[in-house]
Each structure stands twice: as structure tokens, then as C-alpha cells.
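Enquirer: Take this structure first; my questions come after.
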Amino acid sequence: MQAQRAGLLSMLGACFIWGSSAIYFKALVGVPPGELLAHRILWSLALFTGMFALQGRLGHLVAALRGPNLRRIALAAVMMGSNWLVFIIGVFSGHVMQTSLGYYIFPLFSVLIGVVLFGERLTPLQIVAVGLATLAVTILAVGLGVAPWLSLAIAATFAVYGTIKKGLDLPPAISVAAELAVLAPMAAVWLILRPEGGGLPLMGQGWQPALLVGSSLMTAVPMLMFTFAARRLDLATVGLLQYVNPTLQFLTATLWFREPFTRWHLIAFPLIWLALGLYSAAALHRRRALPGTRARL
């Protein structure tokens, strides 16, 4: 019971960091998105590498990069980097609500990937959930006069990322570090050849250099907390708690950044929440046959 409580608190902590990360990255709004992404990649890799060196696990990272999974790791890295970049653009452009919608609907994108690529069959509840989500996105597109492209891009990249990761027989921290290592050369080249001038200095004024370095903590800390939690919680609980992240993003957008919440949002978001409720009910029903199942870490 105590282990489950610790896992629950750790999971909530990870979701809180992810869900409030828009506030952190908004403080870096003066930094070009590509440059912020490059800094996040390089400093996160440095943090993970140092941590693995202290733990004596650096060889595991090297082995992952030399192993047969390198192509899959590279594909996952592209999806992760793309997802991060779209999120940064969403925050900088004042569309945090769109990013929250993207993370809400990505599980439904994952369901569609399962149908298209792996021939999986949808349950009746899943069919209704996907239909409601499609209706919600259509309402936003028609009502606002433009499709929520940021939401769709975030959902698609994250769903594809998750699909790729399912085939990786690696611990999460090692996998993420390997993905960062794949992206690191491109990140370094971007900083050297950036339009503002060559070199690798930290850009920005005041606290911005420290925040750029600190972006590594926004990557590593919630990942480690999530890993700790997933070892102590069943998959059903982890699946339900994942919606804390987009919910906090939604609240951040409406209450902190005061983004417009139109009547179209008022119609679409309840449809999304209903769709997720049905999706979660279907997932819980499916997992009843495997009580106490926990994620492999």
C-alpha cells in the first residue's frame, strides 16, 4: 500500500511537471523555437549521460546505440523531436489549448494506427470514442475557420512515437537517452549554423541561459518520476492518470494565459472528454483479464 501511494504521488508529480511545462517554456519566448529545441536536446543528453556514468550504466546506452534497434531508435527520435518542436511552437504562438487537445486525443490516434497498420479491430466503445473525437475536431475546424493543425500534429507524432517505442526492448530512460544521442549531432549543427550567427553560446538575457540549461530537468525529472511510478502502479491507473497532463495544460491555457475559450471550444472539449471516458472504459474492460499488470521498465 505504501509503495502504491509513493507511486501515485510520483505519477502525479510527473504529470504536474509535464502539464505546467508551458509556463516554463513561455519564459523562453525570445529564443527561436529551433534553438530552444536544440538546447533541450543537448542539455538533456548531458544530464542523462552524467547520470548513467554515476550509475555505471553508460555501457547500456552505448550498447543501445550499437544494437539492432538503432533504426527504430532513430525513427522514435524524429517523432520525439518533432513533437517537442510543435509543442514549443504552440506555446510561443499562444496556442497552449491546442497542445492540450493534441495530448488528449493522441490515444485515439494510437487506436487508429493499430487498425491501419496492425489490423486491430475496434470495440463498439472505441468506435464511438473515435467518432466523437472526429466530430469535436470537425466542429473546431468549421467553427474557428481553421483546422487545429497543432493538435493534430502533436497527436500524430506522439501516437507514432508510442507505436515505435512498443517494439523497443529497452528501459525508458536508456531509450530516451539513445534518442537524444541520435538527435544531438543535428542539434549541435543547428546551433553552430543558426541564422543569428555561428558558435554555441547560450542565447537570451537575464534568466534565459539558466532556463535553457534547466530545460534538461523538464525532460529527465518527470521521466524518472514516471518510471518510478509505473513500477508501482497497474497499467489501468497509469492510463487514467495520463490525462492529468493535458488537463493541466488546458487549465494553464484558460486560467494562466487567458487564451480565448469560444463556444466552439465549449462544444468540442466536452465531446473529447466523453470520448476519452468511453476509451478508458474500453481499456479498463480489456485489462480486467490481466489484474495487477505493470509496465515493463
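Cβ from N, Cα, C; glycine included.
Small disclaimer: the values here were computed from a predicted structure and weren't measured.
Pulled the feature table from TrEMBL, pasting it below:
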DOMAIN    6-140  domain 'EamA'
TRANSMEM  41-61  transmembrane segment
TRANSMEM  73-95  transmembrane segment
TRANSMEM  101-118  transmembrane segment
TRANSMEM  125-142  transmembrane segment
TRANSMEM  148-164  transmembrane segment
TRANSMEM  176-193  transmembrane segment
TRANSMEM  205-228  transmembrane segment
TRANSMEM  240-258  transmembrane segment
TRANSMEM  264-284  transmembrane segment
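Describe the structural context of these features.
Expert: Taking Cβ pairs closer than 8 Å, the transmembrane segment (125-142) reaches residues 101, 105, 108, 111-112, 148, 151-152, 264-265, 267-269, 271-272, 274-276, 278-279, 281-282, 285 in its own chain, all 6 or more past its ends.
Outside the transmembrane segment (176-193) by six or more residues, the chain places 34-35, 37-39, 41-42, 44-45, 48-49, 52, 61, 64-65, 73-74, 76-77, 80-81, 170, 199-200, 219, 223 with a CB less than 8 A from a CB of the stretch.
Sequence-distant neighbours of the transmembrane segment (205-228) (same chain, 6+ residues past either end, Cβ-Cβ under 8 Å): 6-7, 10-11, 13-15, 17-18, 21, 24-25, 27-28, 30-31, 36, 39-40, 43-44, 46-48, 51, 171-173, 176, 297.
Same-chain neighbours of the transmembrane segment (264-284): 97, 101, 104-105, 107-108, 111, 123, 125-126, 128-133, 135-137, 139-140, 143-144, 236, 239-240, 243, 250, counting only residues six or more beyond its ends whose CB sits under 8 Å from a CB of the stretch.
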Enquirer: With Cβ distances under 8 Å as the criterion, find the stretch in 41-61, 73-95, 101-118, 240-258 that has the most pairs with the transmembrane segment (148-164).
Expert: 101-118
Enquirer: Between the transmembrane segment (240-258) and the stretches 41-61, 73-95, 101-118, work out which stretch tops the count of Cβ pairs under 8 Å.
Expert: 101-118
Enquirer: When secondary structure is assigned with DSSP, how many helix, strand and coil residues does the domain 'EamA' (6-140) contain?
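Expert: Here the numbers are 116 helix, 0 strand, 19 coil.
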